[in-house]
Amino acid sequence: MIELVLGGARSGKSRYAESVVCRQPGPWIYVATGRAWDEEMRARIARHQLERGAGWLTVEEPVALSQVLRDVGEKPVLVDCLTLWLSNLLLEEHNIPEATHTLLEVLTARQGLTVLVGNEVGLGIVPDNALARRFRDEAGWLHQKIAAVADRVVLTVAGFPLVAKPAGGKGTV
Amino acid sequence: MIELVLGGARSGKSRYAESVVCRQPGPWIYVATGRAWDEEMRARIARHQLERGAGWLTVEEPVALSQVLRDVGEKPVLVDCLTLWLSNLLLEEHNIPEATHTLLEVLTARQGLTVLVGNEVGLGIVPDNALARRFRDEAGWLHQKIAAVADRVVLTVAGFPLVAKPAGGKGTV
Amino acid sequence: MIELVLGGARSGKSRYAESVVCRQPGPWIYVATGRAWDEEMRARIARHQLERGAGWLTVEEPVALSQVLRDVGEKPVLVDCLTLWLSNLLLEEHNIPEATHTLLEVLTARQGLTVLVGNEVGLGIVPDNALARRFRDEAGWLHQKIAAVADRVVLTVAGFPLVAKPAGGKGTV
């Protein structure tokens, strides 16, 4: 079972994704893809970890996401988030099509629940900045590819989900 | 009854919100939170007032929103909009957590209908500008808090609502 | 039958729109509104044409959209996209209200299916740039006007549609 949780900044997507994972028996794996560059980021990660509470095992992995998903077996996993993972790939000049291809293979091979969070960034005016445009394109393509293999896709709005692809269905046609 | 109407720029959110309020018997209270800085803004406010037509009582209040909601009793109210209210709080350095807390108390205590309009601004690329990022965060948090106590939450798209939290339900889970 | 397909950048809106058109018997008319300014754009248009495959007749028309819709009779049509058409009108200083009015007349007079694709650009922070703000306003108004006469309006998210105005209904009220 794969669920893709997209949403804007501060739309409650991580909290919603956590609630989806927590419906299954734990322990739950939290994969944090953000790089802990500085003290502020470290403090923020620690605070989030505390807020999630007991039952969660946190794995920090900015790039080798597919490897982590292989390593954790079939426990329920929350990937938070695709956007930071993609940023890391882009900034460190990894091969994005290859990384995406491997991720899709690992995702579809898993039996356990995988919930993936991503920032929807394509609903504003075209950015001036070429890197921002590139990132926006890559993020959109990544989300589409994951959505195609996902069992459920939602867009969170103020903490509540709009269901674009319902579980057990193939989306509205 | 509390309804939160979110939407992008020119997505028809105010018109939709008016239609929700007008299903109840009037008179209806329109709370305009925009500051009438200049002649253009004054003219625009006057034009909107005219377009809404009879049955509406307009109150202009850029900051003391909770006080207005207390003062108007149980008449149906449209707050247009949270985004301008929050901008005013931010620019004039009011205490946002405190103002939000009071607003939530007043909202949940009201028996009459309150429809609140807000701009969803979090679905584009991360803004370069620090104030814009701060505003985006504050707006998202405010919307989430109001959505949590709201009976219904919608996102308008080209004038039509996508229902994120349906009335009588607790949202899709 | 008129369907409006809105979506963010790389949200799969064109592909979704094609799938809607292809449910009807062909041949299908593809109206490309982008100006082929340079070699890169020419190559891109040619590639897209190839990807759509047999059964599609491509018409390139950056401005005279209403005329094309009149000329093609009742064959199923995909307009890709309103955003480029509007950009062309704006940059070449055409009369937008007049062009919109004519488009609505032609759309509502057609018996055949018309699917129109548009970029939703209003869900980010207010742009600094005055032309971008103007464009955002015009795009929102255009989408609302078409949505009002459309039989169905969707917002695509990662390739899947959220239905704002369902066919046979007048939208959620």
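Glycine is treated like the rest: Cβ placed from N, Cα and C.
Note that TrEMBL annotation is computational and uncurated.
According to TrEMBL, the residue from A:Asp71, A:Asp80 that belongs to the GTP site alongside A:Gly7, A:Gly8, A:Ala9, A:Arg10, A:Ser11, A:Gly12, A:Lys13, A:Ser14, A:Ala32, A:Thr33, A:Gly34, A:Glu60 is A:Asp80. For A:Gly7 (GTP binding site), the same-chain residues lying six or more positions away in sequence with a CB closer than 8 A to its CB are A:Lys13, A:Tyr16, A:Val117, A:Asn119, A:Glu120, A:Leu155, A:Thr156, A:Val157. Counting other CB atoms no more than 10 Å from each candidate's CB, the recorded positions A:Lys13, A:His48 peak at A:Lys13. Cα of A:Ala9 (GTP binding site) to Cα of A:His48 (active site, GMP-histidine intermediate): a span of 16 Å. Around A:Ala32 (GTP binding site), the C-beta neighbours below 8 angstroms that are at least 6 residues distant in the chain are A:Ile45, A:His48, A:Thr58, A:Val59, A:Glu60, A:Glu61, A:Asp80.
According to DSSP, A:Gly7 (GTP binding site) sits within a strand segment.
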